[in-house]
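Trainee: Got a structure for you, questions after.
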Amino acid sequence: MTTLENDRPQPNSPETSKPTKPVAPVQARSYQRTKLNMTIISMALNVIVPLVFLLSGGSEAIRNLAEGWTTIAALVVVIYLLIAGIGLQIIEFPFEVYSGFVVEKKYDLSKVNITSWLYDWLKGTLLQSALLIALISGMYWLLRSQPDLWWLWAAIGATILVIILMALVPVLLLPLFYKFEPIPEGELKDRLFALADKIGTHVQGVYVWHLGDKTSKANAAVTGWGRTRRIIISDTLIDSNSIEEIEVVMAHELGHHVRWDVWKMLAVSTVLIFISFFVIDLALTAWIGSLGLRGIDDIAGLPLVLIVGAGVSLIALPISNWLSRKAETAADLYALNLTGMRDEFISAMDKLGDQNLSQKKPNPVVEFIFHSHPSIQRRIDNAKAWSQKK
């Protein structure tokens, strides 16, 4: 899901502009530092927990326990995953509560109570667990049946699954957590569809994303593909921006649509998937003996799979984020060229930064490694540079 985050008209009048409450830079800096710290802790846990589990013999103990209940290899894998998954969730749960609920409440971004948050967390956890059990079970079936080329078939299967999930996100997955409805009749809808007609492109629809029931943050995205491709704009963004500002945000999302950015990022993800499975195969083959594993298809070696996968993802993170920022910058320029609305673009970016407590000028190293979007200040500077070239 790729997100936002005529002559040029004059700036909006006070009657049409919908200002947001300015955010003190120190508040945004504090929020973003907290979120960054939690991200780094999560990344560290993704390596440390499996490593301790592997070297301490805990992984073998759970495998042996599962084998005590059944001799069917596929069921051993499922039982192992259920036991290990519960243990891992117990370790991670306090961090998830703090990052996803406590921090958001502390900075007045969340609108839900702990019960509602836990309900969404439970839905997400069950959905993710079911998907992971199916994925890992399939991977170990390939390890048993195709030990030489399992990684190739696993990468192909994972890529197909990603493509399927891309189609299902807007029609099946996101509606589990948020309410969506077609954008209502009126000037805004007419302006947005006229914008799409202007460039001769077709989207299945523009939908209001009821994000405001749960958070004060704002967002917009182009999501899905084929018959499920649509643009979603949060009610929080609509409520805080003028029609012109929303129009330039829509133009940004159309930029992703016409530039095929979703498919370009899928190509990047596909390369990463193939590299990950290939490196995992090399690691399993090289270390099964020293780790006391029975073979590459031994489920007790799953922590090694997770460690290597996390390592590849971490190495690739700055590269994939750099490519994502380039796509976002190109979509920004597309929106500016299509609408000519420099001032509206700048004001929309300012409001987006305030609503999301974005640090408008973050540390360049942090931005390079962790940010999938250019900073708010960088996007504003790009818009100003664009107007000077006109």
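Quick reminder: no glycine exception, Cβ is built from N, Cα and C everywhere.
Just so you know, TrEMBL annotations are computer predictions that nobody has curated.
Okay, so TrEMBL annotates it like this:
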REGION    1-27  region 'Disordered'
TRANSMEM  36-56  transmembrane segment
TRANSMEM  68-91  transmembrane segment
TRANSMEM  125-143  transmembrane segment
TRANSMEM  149-174  transmembrane segment
DOMAIN    184-386  domain 'Peptidase M48'
TRANSMEM  266-288  transmembrane segment
TRANSMEM  300-319  transmembrane segment
ACT_SITE  Asp332  active site, proton donor
Trainee: Provide the three-state secondary structure of Asp332 (active site, proton donor) computed with DSSP.
Mentor: helix
Trainee: Same chain, outside the transmembrane segment (68-91) by at least 6, Cβ under 8 Å from its Cβ: which residues?
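Mentor: Sequence-distant neighbours of the transmembrane segment (68-91): 45, 49, 53, 59, 62, 125, 129, 132-133, 136-137, 140-141, 144, 297, 299-300, 302.
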Trainee: Give me the count of other Cβ atoms within 10 A of the Cβ belonging to Asp332 (active site, proton donor).
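Mentor: There are 26 such Cβ atoms around Asp332 (active site, proton donor).
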Trainee: Let me know the model's mean pLDDT on the domain 'Peptidase M48' (184-386).
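Mentor: When the pLDDT values over the domain 'Peptidase M48' (184-386) are averaged, the result is 92.
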